[in-house]
Amino acid sequence: MATMNTIFLVLIFIAFITKEALATQHVVGGSQGWDESTDFNSWTSGQTFKVGDQLVFKYTTGLHSVVELASESAYKNCDLGTALDSKSSGSDVVKLNKAGTRYFACGTLGHCSQGMKVKIKTVTGSAPSSPASSSSSPTASDASASRSFATFVMVVAFLATFLLCVF
């Protein structure tokens, strides 16, 4: 009986790992990154953001930052006073943990009003996220490899559990 409990716990652990492996990392702005020359509306139009995915903001430290805004009104008016969070590492990761719309802008004076802001609509679903293309999402092939590996791990875990129960 202890062996069955151990196997069950291992399967739960593998399920959590697999869920993380299936998440897609979206490099905000694609190959241009988080920069004032990027057309973020065009970039988001080719993306599907799902619960569990991650946004990666890549930029020059000290030149830009990432501020999460509280509302669409704050987003439209570049009201940085309503910030929910602020990041400035140059390689910031934001996990999309629930469905809905989130708003991000650069905290550097004047950058938001020049268009350095992005609205992310996150949806629920089990289908893989879809980056626009490999050129706009350098991690697209990595995500595909992660999904293949995660599937392999799940199959091996299932077979191992089955064999342990049978024998």
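The backbone N, Cα and C atoms fix where each Cβ goes, and this holds for glycine too.
The annotation domain 'Phytocyanin' is assigned in TrEMBL to 24-124. Sequence annotations record features per position, and here TrEMBL assigns signal peptide to 1-23. For 149-166, the entry in TrEMBL reads transmembrane segment.
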The correct DSSP tally for the domain 'Phytocyanin' (24-124) reads 18 helix, 40 strand, 43 coil
The mean pLDDT across the domain 'Phytocyanin' (24-124) is 95
